[in-house]
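> Not my notes, these are from Swiss-Prot:
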| type | residues | note |
| --- | --- | --- |
| SITE | Gly244, Pro245 | site 'Cis/trans isomerization of proline peptide bond' |
| DOMAIN | 658-848 | domain 'Reverse transcriptase' |
| REGION | 841-849 | region 'RT 'primer grip'' |
| SITE | Trp1015 | site 'Essential for RT p66/p51 heterodimerization' |
| SITE | Trp1028 | site 'Essential for RT p66/p51 heterodimerization' |
| BINDING | Asp1057, Glu1092, Asp1112, Asp1163 | Mg(2+) 2 binding site |
| BINDING | Asp1238, Asp1290 | Mg(2+) 3 binding site |
| DNA_BIND | 1397-1444 | DNA-binding region |
Amino acid sequence: MGARASVLRGDKLDTWESIRLKSRGRKKYLIKHLVWAGSELQRFAMNPGLMENVEGCWKIILQLQPSVDIGSPEIISLFNTICVLYCVHAGERVQDTEEAVKIVKMKLTVQKNNSTATSSGQRQNAGEKEETVPPSGNTGNTGRATETPSGSRLYPVITDAQGVARHQPISPRTLNAWVRVIEEKGFNPEVIPMFSALSEGATPYDLNSMLNAVGEHQAAMQMLKEVINEEAAEWDRAHPAHAGPQQAGMLREPTGADIAGTTSTLQEQVLWMTTPQAQGGVPVGDIYKRWIILGLNKLVRMYSPVSILDIKQGPKEPFRDYVDRFYKTIRAEQASQPVKTWMTETLLVQNANPDCKHILKALGQGATLEEMLTACQGVGGPSHKAKILAEAMASATAGGVNMLQGGKRPPLKKGQLQCFNCGKVGHTARNCRAPRKKGCWRCGQEGHQMKDCTTRNNSTGVNFFRETHPLVGVQTRELCAEHPREREGSGAGDSTDTSGANCPTTGDDDERRVLPQVNLWQRPMMTVKVQGQVCQALLDTGADDSVFCNIKLKGQWTPKTIGGIGGFVPVSEYYNIPVQIGNKEVRATVLVGETPINIIGRNILKQLGCTLNFPISPIEVVKVQLKEGMDGPKVKQWPLSKEKIEALTEICKTLEKEGKISAVGPENPYNTPIFAIKKKDTSKWRKLVDFRELNKRTQDFWELQLGIPHPAGLRKRNMVTVLDVGDAYFSIPLDPDFRKYTAFTIPSLNNNTPGKRFQYNVLPQGWKGSPAIFQSSMTKILDPFRKEHPDVDIYQYMDDLYIGSDLNEEEHRKLIKKLRQHLLTWGLETPDKKYQEKPPFMWMGYELHPNKWTVQNITLPEPEQWTVNHIQKLVGKLNWASQIYHGIKTKELCKLIRGVKGLTEPVEMTREAELELEENKQILKEKVQGAYYDPKLPLQAAIQKQGQGQWTYQIYQEEGKNLKTGKYAKSPGTHTNEIRQLAGLIQKIGNESIIIWGIVPKFLLPVSKETWSQWWTDYWQVTWVPEWEFINTPPLIRLWYNLLSDPIPEAETFYVDGAANRDSKKGRAGYVTNRGRYRSKDLENTTNQQAELWAVDLALKDSGAQVNIVTDSQYVMGVLQGLPDQSDSPIVEQIIQKLTQKTAIYLAWVPAHKGIGGNEEVDKLVSKNIRKILFLDGINEAQEDHDKYHSNWKALADEYNLPPVVAKEIIAQCPKCHIKGEAIHGQVDYSPEIWQIDCTHLEGKVIIVAVHVASGFIEAEVIPEETGRETAYFILKLAGRWPVKKIHTDNGPNFTSTAVKAACWWAQIQHEFGIPYNPQSQGVVESMNKQLKQIIEQVRDQAEQLRTAVIMAVYIHNFKRKGGIGEYTAGERLLDILTTNIQTKQLQKQILKVQNFRVYYRDARDPIWKGPARLLWKGEGAVVIKEGEDIKVVPRRKAKIIKEYGKQMAGAGGMDDRQNET
């Protein structure tokens, strides 16, 4: 500081301090402005020593002047300061900054004109650069014009003594400064002026060197390269190459690539830059620099995307910090200067917090930034809060506050507040609307603030702080200092009883002194003696130093500035001062200065031995209960061996000592058996409890985590740590009311003593509720830590924790230490034994490395004799390995254990299974690794066909780096084809990807677009088709045959049919052709469906290459329309083989027994002596009904008594309903009072749809707009018509609005939200939206307006289409559900009433009364009773119903004395 401040001395310093910062302003230049200017020059890699003389100042001015127009406010302020300093050195008399800047700009203009008029030869003879010679004539360093006084050459092109221009490589210091700028600033707006300053006079070669120095920013450099290429191409278009020879003495004109330094040499660049333009000179360095700045502007917009509209002052943010952020962002805004000026004038005030906004508005229009900063200094931050607090304290204790410099105001009443700003009573300075009072709030004088005021509090000043603190004199409780004690467990070494500052003393017991133990329900104030002076002080563990006010200490002191509550505070630092607290005295460093309250900091607290004691935070107990009507388990303990009894006794002693179990007496009637097993590879025992009976009786729980996290979903992190929570379940408390049900007994040897009984106080191992409760508790414990560190990955599964971050090693370890301490405060220990901080990390069965992951080592079993259990374990390990090992198969191995077999039953390995196992072993020999997920790259999934119905797939982002692999061998049905299998596999991969990454990958499928489209058109029951593309990876999927949609005119038509007798199982299949041919075949032990298939087989066998087949069997149509290429049925397999040999096939259906030509003939042919033929009526009426209402086939079959095949054919013949047939899935049943609601769009209008989940009943209407108000109206209408207890919607803004919340609250409706586009959520209403639109399309031509068509479609869906459970319409099903629900509730009430009665009864042959039995139902003529496990029906005349009043003594009364009911 001294070196920089010494640039001016004597008269020059006086002149400097007499110059005003602004014209007509009061503030003047001080030495601190020189210090600031020197620091700024060093930031821009310029030598601060240049400020010592006029020549150096002029060089700085020339360097900064090009950046003034586009530079930041800091650059402009630095330029102005150097201009003033130049004038002081040059002896120019100026009054303020503006005059100095005008003088400098005038000299710059003169020098520029002289430079233009002077010839190149004259400049060389002078041997100097005119640019670097100050106009004042005080020249220096004439031989090397670009050399700084310190001797370093910052500018690349220099002129030697002979006047020859040569290149000086750019200095390492300049490159280092540029790299530091990028590392510290990134690509924010400050980079551009810094680059401009560092690259002044540089050649393209040097500019490329600067870009190469930051080449690790690949994305930014690529964008910069694109901008440079565009500008180079534009240069080439504007400056085409000249044809013909080059003129003598002229340089060639550079191309765009030459300017960028790609195709030009360094010598050419120097010549272009130093040669006059008349001789072909081109400033290639400046041009290239301009191109780079254009690219940097683009990078600033990309890397600093924050809009100026988003910059708002926080409630506690200092105004100066807010202004810094505001101007930093506005520099990055791509707008004209008038627009930026308007933004500054408007948004700077508009986005300030309320405290500052009141003050800024009071300043009026046109206030300068300096006035704003002055007025808002100390407002809004912690210092302002401290002032308000002190103001309130002063108002409460002092009689009044005198803010006026003149007369006194009347004393304030108790509880009144007085403003520090305006002096009025009734409000505080924070809420004062008067203009911010300038000057000091203590002495009233202007020119300084209160923190800099040297005047002490007196009668004429402001009584800002109280002389006596309100808590002085309040004596804290004195307790004996806590004796050091060992804590059982893993040494979580802090005491656990109190929360506060505990101050024990050291020394022997006889010298132990008493110090207070302070709880934090009040401020920890104590009486302190500082060098014999008594005062009150606050114990502050957050303060580094101890600070006192209004005390006078003896001894030497040094000045110091510290950051205090009110900003920076000047203090005096005294060393080795005696400080006494209680009866203990220490010597420490003490600071004396202006502080609101005396503070004892850590430097003294540490010497006193004070500690902060945190109690273990109580974990919230989850309430648990048994299932309704059940009692706890009462299972007797089975016998145990002597060594097991001894082992269990020792284990339970330890658990009881740790408080995890507690002893119970005989009053607890419940018991669960226990036993012990030895741990693997050790002689220690492990206690196990058989909670099977308790699990049956305990309420059900919902697993919060549906699966384990997968490493493929992890992001690549610099630092990773894996932790394990020790004794996880034993760290979570069990519901005290439920503990009695966990009681168990340790028996004694030979029953020499009663068994020892215990019950669990924590979650027991093996109990069904432990996993769910532990997951829930662990999540609540980790939530605050997750919110505090959002950039850190924390994966939690049961007691395993994965923590990944991009911090450096030291910061990451601090983070892990903080997490472990956080868990420890809740009583959760993370033992060092399972603490992993170095790779490889063993986690969840995986092995994690910094750049890859794999599964842990897999060892396949190789027993001498294979059993079912061995095969099961083998398949499980292979399935686990298949997630990263590509090509694993298990189909043949799974065939070995088909059926119901015992675990120990031997299995003979088939040749195919042995071959499959050997292939898998070869795959596992080579180590395979997986990659980590990168959110910036797209996700792809490649699928390969392995044959025999087995498939394999890989999910990856980069070729050769698989995230995950897998296999698939699920067959969707008996008759299938490869495309149906492919659709199932795509569905599986899609679900996996949504779970792991939250997105669906792009699929690479081994099927051509024509094949897929052909099958998709005919077989439409694919619920979801992803984005995909064809890859030519054999073997490809293909359709081996295709069914035509139109008959083949030249081909023979075969009418086929089959018949079978249900009783004799005899049948016949045959066909009749349109050319007079016919044939039949008798069948044994067959069915109607098999006979129909045999008829098709006969027709295919006897037909040519092209054939038309007509059948009346819907079963045959269903099998063959799916285009199967494989089947488990022999007859279907034969048909498939024959179909593949045909060139063209047409398959059609006609209704049976309707007198249709060929069908009637073949029906008679195959039915003779086999079955009777029936004829139907009502088909025409059903056809008319469907044309009007488009009912589904079940409604037609019910209403008109038609067979399903006929009703389905009526649907198939309708052009509007045969678009995509009937879905193959059925109705899903849910709770009776749940509705799903969604909004869909049609014809540019909004349709809101509500679906009753259990019945499929729809309420829908067209609403004017998709808002919360309209949605709330619809929900209230729905609740007024039907019982609605719960609605399920997506997260749309209309459903999350306040209006919908209010409507649900008023109607007592529980509102749940789903996930948009997730197949596991909103499925019912999404499906109904689709169906409703199809119905609207069918009836749209019958209605003029869409709202009418919607109502018609709702009516058709609810009352004209049957199906699902009960074969009802949706309306009938809803009424049935509601009626049944009401009847069930009434019945339950009656059952509860009769449960309090007991029944005595007699059998028919036994006159002895039996009972009491439990009454289940009382009817008119009989009663239903339960005795033991038997349920009986007894006539009323043989039963007596007794109300149970409790146990009665034997002999106290007979049957006649008891109350009965007959």
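Cβ coordinates are placed from backbone N, Cα and C, and glycine is handled just like the others.
Give me the local environment of each listed feature.
Averaged across the region 'RT 'primer grip'' (841-849), the predicted model reaches a pLDDT of 82.
According to DSSP, Asp1112 (Mg(2+) 2 binding site) is assigned to coil rather than to any helix or strand. The Cβ neighbour count for Asp1112 (Mg(2+) 2 binding site), using a 10 Å radius and every protein chain shown, is 25.
Around the Cβ of Asp1290 (Mg(2+) 3 binding site), a 10 Å sphere holds 21 further Cβ atoms from the protein chains shown.
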> Nearest to Asp1290 (Mg(2+) 3 binding site) in three-dimensional space, by Cα, is which of the binding-site residues Glu1092, Asp1112, Asp1163?
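Considering only the listed binding-site residues, the nearest one is Asp1112.
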> According to DSSP, does Asp1290 (Mg(2+) 3 binding site) fall in a helix, a strand, or coil?
coil
> Take the region 'RT 'primer grip'' (841-849) and find every residue of the same chain, 6 or more past its ends, with a Cβ under 8 Å from one of its Cβ atoms.
708-709, 711, 714, 720, 722, 797, 800, 802, 855-856, 880, 929
> Counting Cβ atoms within 10 Å of each candidate's own Cβ, which of the binding-site residues Asp1057, Glu1092, Asp1163, Asp1238 comes out highest?
Asp1057
> Sorry to bug you, but what's the C-alpha spacing from Glu1092 (Mg(2+) 2 binding site) to Asp1238 (Mg(2+) 3 binding site), rounded to the closest Å?
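Roughly 46 Å, rounded to the nearest whole number.
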> Determine how many residues of the DNA-binding region (1397-1444) DSSP places in helix, in strand and in coil.
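Tallied per class, the DNA-binding region (1397-1444) gives 3 helix, 31 strand, 14 coil.
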> In which DSSP state, out of helix, strand and coil, do we find Asp1163 (Mg(2+) 2 binding site)?
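For Asp1163 (Mg(2+) 2 binding site) - judged by DSSP and reduced to three states - the answer is helix.
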